[in-house]
Amino acid sequence: MNSSKSPGLAGFGILKNTTCHTEKKISVFFSIIFMTVGILSNSLAIAILMKAYQRFRQKSKASFLLLASGLVITDLFGHLINGAIAVFVYASDKDWIRFNQSNILCSVFGICMVFFGLCPLFLGSVMAVERCIGVTKPIFHSTKMTSKHVKMMLTMVCLFAVLIALLPILRFRAYQIQASRTWCFYKTEHVEDWEDRFYLLLFSCLGLLALAISFLCNAVTGITLLRVKFKSQQRQGRSHHFEMIIQLLAIMCVSCICWSPFLVSMARIGINASHSKENCETILFALRMATWNQILDPWVYILLRKAVLKNLYKITRGCCGTHIINLHMWELSSIKNSLKVAAISESPVSSKQINLQPLSSTGQ
């Protein structure tokens with residue numbers, strides 16, 4: 001049966017003689033728990049970010065908040081939609097032949113898996129680029145990175161992710177029911193057609209590229225801030241920059257740890273095709289790791305606040321015996337601190353004061 005060219009029966013051939021089994025009760029329990037925790041976590045993070053956005057509507061402050069809110073909202077809907085479909089599949093005893101005769105549910109599931117997989121990775125890289133521009137080119141950031149432009153960027157990122165997700169449907173290639181019978185994705189077994197391999201490589205390459213861009217931009221931003229800190233005695237606002245970088249580094253680390261196994265597995269299948277050694281259990285484990293990304297992302301904004309960072313500082317100071325950060329610079333919360341820096345660094349008055357300070361010390 002050529003399932004890739006028969007949308008009505010797509011993937012049903014894989015339901016027979018499969019060696020990948022999951023325990024129904026345990027799987028349903030963990031699916032419900034993960035979905036509930038993810039929804040609650042992302043809802044709390046959205047409330048925090050939206051409250052901060054209502055209080056700080058300046059250009060530089062709004063850009064980071066809008067991008068962060070877009071990331072968390074995407075994670076929320078990913079948990080809500082994908083989680084609900086997964087629970088329904090488990091509750092229906094994975095009997096796809098009974099409830100998926102026209103392959104509509106599998107197509108919707110596959111589209112959501114691709115979209116809610118790529119979109120957070122894209123948004124994470126865009127956030128890293130935005131911070132890199134804000135630190136290295138503050139004047140350009142203040143004039144070009146307005147709320148309107150950020151909203152346009154969010155829209156373009158979402159539309160691009162939607163296009164990638166709809167590409168197989170537009171090419172009349174149905175999404176496939178995977179060997180575990182619990183989710184739908186591109187064809188991952190007996191891959192021989194070049195187009196099936198292309199989709200897998202496109203998904204994995206775009207995801208890995210987003211992670212690479214995040215790493216590069218965060219590295220440039222971090223190095224720039226360290227150089228400024230060691231060269232300048234004016235530290236007001238610099239700690240806010242570091243707080244924002246801590247948040248971005250946390251997002252990047254979470255994304256790399258959670259998504260790398262799945263992206264690498266898809267790349268191996270796309271490269272090796274039918275000779276790939278990736279089995280069902282390995283792919284399913286990598287997928288479950290990827291779902292943790294949507295659970296951990298909001299906790300970056302929930303946990304990385306003043307109290308937590310202050311305790312971490314005390315522990316680090318106790319271990320190292322040195323003062324690393326001036327705590328009296330920190331105010332209210334990490335969100336407010338992170339957003340305050342842009343206004344300080346981009347203000348012409350602040351720039352003049354910083355430039356005049358060394359002149360006054362030399363008596364000029």
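Cβ coordinates come from backbone N, Cα and C, glycine included.
Copied over from TrEMBL, here are the features:
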type: TRANSMEM; residues: 26-50; note: transmembrane segment
type: DOMAIN; residues: 41-301; note: domain 'G-protein coupled receptors family 1 profile'
type: TRANSMEM; residues: 62-90; note: transmembrane segment
type: TRANSMEM; residues: 102-129; note: transmembrane segment
type: TRANSMEM; residues: 150-170; note: transmembrane segment
type: TRANSMEM; residues: 198-226; note: transmembrane segment
type: TRANSMEM; residues: 246-271; note: transmembrane segment
**OP:** Report the listed stretch (102-129, 150-170, 246-271) having the maximum count of Cβ pairs within less than 8 Å of the transmembrane segment (198-226).
**Re:** 246-271
Subject >> Segment-level pLDDT (mean, integer) for the domain 'G-protein coupled receptors family 1 profile' (41-301) >> reply: 85
Original post:
Short question: which residues 6 or more past the ends of the transmembrane segment (102-129) have a Cβ under 8 Å from it?
Top reply: 7-11, 64, 67-68, 70-71, 74-75, 77-78, 81-82, 85, 96, 153-154, 157-158, 160-162, 164-166, 168-169, 174-177, 183-186, 203, 206-207, 209-211, 213-214, 217-218, 221, 248, 251-252, 255, 259, 290, 293-294, 297
